[in-house]
Amino acid sequence: MAGAIIENMSTRKLCIVGGILLVFQVIAFLVGGLIAPSPTTAVPYTSVKCIDVRKNHHKTKWLMPWGPNHCKKLKDFDEAVSRQIEANDIVFAVHVPLPSKEMSPWFQFMLFIMQLDIAFKMDNDLKENAEITLDVSLAFRDNMFDDWQEIAHAIEIRKLKCTFGSPKTVESEGRHYDCDFLPFMEIGSVAHKYYLINIRLPVNDRKGINVGIGEIKDIRFVGIHQNGGFTKVWFAMKTFLTPSILIIMVWYWRRITLMTRAPVLLEKVIFALGISMTFINIPVEWFSIGFDWTWMLLFGDIRQGIFYAMLLSFWIIFCGEHMMDQNERNRLSGYWKQVGPIAVGSFCLFIFDMCERGVQLKNPFYSIWTTEVGTELAMAFIIVAGICLCLYFLFLCFMVFQVFRNISGKQSSLPAMSKARRLHYEGLIFRFKFLMLITLACAAMTVIFFIVSQVTEGHWKWGDITIQANSAFFTGIYGMWNLYVFALMFLYAPSHKNYGEDQSNGDLGVNSGEELQLTTTITHVDGPTEVYKLARKEAQE
């Protein structure tokens, strides 16, 4: 009778919680799909060829492509040849944004990729494995009448990867190569209204600088930044979710500290997972609206890395703590083989990120992929991280298999157990299957929505309603993992309800002080968790 009452209450509790979480999950997807615009915007730019015949070019003034103080322009390089203007006196100028527009801190970041228009000429052919040297400068101002202030200046080298689809004959002269896009610049904040890019292609025949790169006709760019409307929706979600997770964390830890025993490993890991989720949620991005914090992209990567490392560790420990006949448990050192690859992989990805975005804090034009050494180093870090991830999933799949095998064995012997032990194992089995189902659903939804966001046009139109698929992916998945952590702490918090003396004696076979709860343990007021004692006894038998 008591077991049926407790089982019905637990089932009803799970159904109510599951229904509420499902409603919030749907809302999270709808917020991104119906309210937020597309996450990013891509803007094409074409550089203007300016003439600068003075010495110490970049130290004197900046060349504007348009406006009242625009530079002297060249239509093409044929005009430069006819006017005897040298290549070193030509500056490619790009103003960001386009005329009559302004940049905004709500755009959060700027990413630029570059494409060269290179024409084929018999006497100036593009050499194999050619490299182009760029003398690049970046400046800003917040008023159309202010002087430009330099942000960064660098000499960068990019390797050209181009193909030519026609025979290299006189008849093919003037046709363009098909060149890959090149990484150009990334800035982690958009704190100013106007930006100016000046690019020179210095030529030095003696040193072989910019020799054999073909005839460059134009330099084109694609600038990508986050949409301000999406940023506001994203900040609002973070602001709402932060206190939600904080409240459940405080409630969860308070329930644990009220116990007379010390917290078990699984409870500590769930709490640590809540901390890592809160670390992601805290909307420090609000400060980026008023401060020029270029390190926000790197900080965001670090926060996500900590959360995912904690999530992967939780799955391993969750499975391990549910292996009911395992003697070595409730100790983090017992999982070093499984958690080790997570730590190594996370460290490799951290080093890779520091080599890329860490350097970009000083030089926004830097890219680790532009040199052979950098590419090999980056690939090495990514490969090691990939191997660690594969090892992790092998360990995880093996542990899940062991748990289900253990569960199958326990289910056949449940009728012969005492009621207390049977109820305990039935609770363990039910909760494990329930959480595994939620975990698989979350992982599947993450993968499915990621694929959908990549293969669709970015939005779906149903009649008069437009759904932004990419925005729905970001807000929905972000909300989903918050709900996942919320559900973990809610369902696995120790219960302090007592179901009467008749349930504490007699056929339940437990002490009068024993409490029944929706966790992986049975808690006693006078000692450690009973699950480990039962498991060890069962293993010895």
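Along the chain as shown, the residues are counted starting at 1.
Here the Cβ of each residue, glycine as well, is placed from N, Cα and C on the backbone.
If you look up TrEMBL, you'll see 48-226 marked as domain 'Wntless GOLD'. If you take every residue in the domain 'Wntless GOLD' (48-226) and average the pLDDT, you get 88.
What TrEMBL lists as domain 'Wntless-like transmembrane' is 227-496.
Residues or ranges marked as transmembrane segment in TrEMBL: 233-253 (among others).
Positions annotated as transmembrane segment by TrEMBL: 265-284 (among others). Counting residues 6+ beyond its ends, the transmembrane segment (265-284) has Cβ neighbours under 8 Å at 235, 238-239, 241-242, 245-246, 248-249, 252-253, 256, 296, 299, 303-304, 306-307, 310-311, 313-314, 317-318, 321, 329-332, 481-482, 485, 488-489, 492, 494, 519-520 in the same chain.
For 296-318 (among others), the entry in TrEMBL reads transmembrane segment. Only residues 6 or more beyond the boundaries of the transmembrane segment (296-318), in the same chain, are considered here, and those with a CB under 8 A from a CB of the stretch are 108-109, 186, 188-189, 265-266, 269-270, 272-273, 276-277, 279-280, 284-285, 288, 332, 335, 338-339, 342-343, 346, 349-350, 353-354, 357-358, 361, 392, 395-396, 399, 435, 439, 481.
For 339-359 (among others), the entry in TrEMBL reads transmembrane segment. Remote same-chain residues near the transmembrane segment (339-359) are listed as 186, 188, 297-298, 301-302, 305, 308-309, 312-313, 316-317, 332, 366-368, 374, 377-378, 381-382, 384-389, 391-392, 395 (criterion: CB distance under 8 Å, separation of at least six residues from the stretch ends).
Sequence annotations record features per position, and here TrEMBL assigns transmembrane segment to 379-407 (among others). Long-range Cβ contacts of the transmembrane segment (379-407) within its own chain (Cβ-Cβ under 8 Å, at least 6 residues beyond either end) map to 312, 315-316, 319-320, 322-325, 337-338, 341-342, 344-346, 348-349, 351-352, 355, 429, 432-433, 436.
Per TrEMBL, the feature transmembrane segment maps to 428-452 (among others).
The annotation transmembrane segment is assigned in TrEMBL to 472-493 (among others). Remote same-chain residues near the transmembrane segment (472-493) are listed as 14, 17, 21, 24-25, 27-33, 36, 39, 230, 233-234, 237, 241, 244-245, 248-249, 251-252, 255-256, 266-267, 270-271, 273-274, 277, 281, 307, 311, 431, 435, 438-439, 442, 445-446, 449-450, 452-453, 518-520 (criterion: CB distance under 8 Å, separation of at least six residues from the stretch ends).
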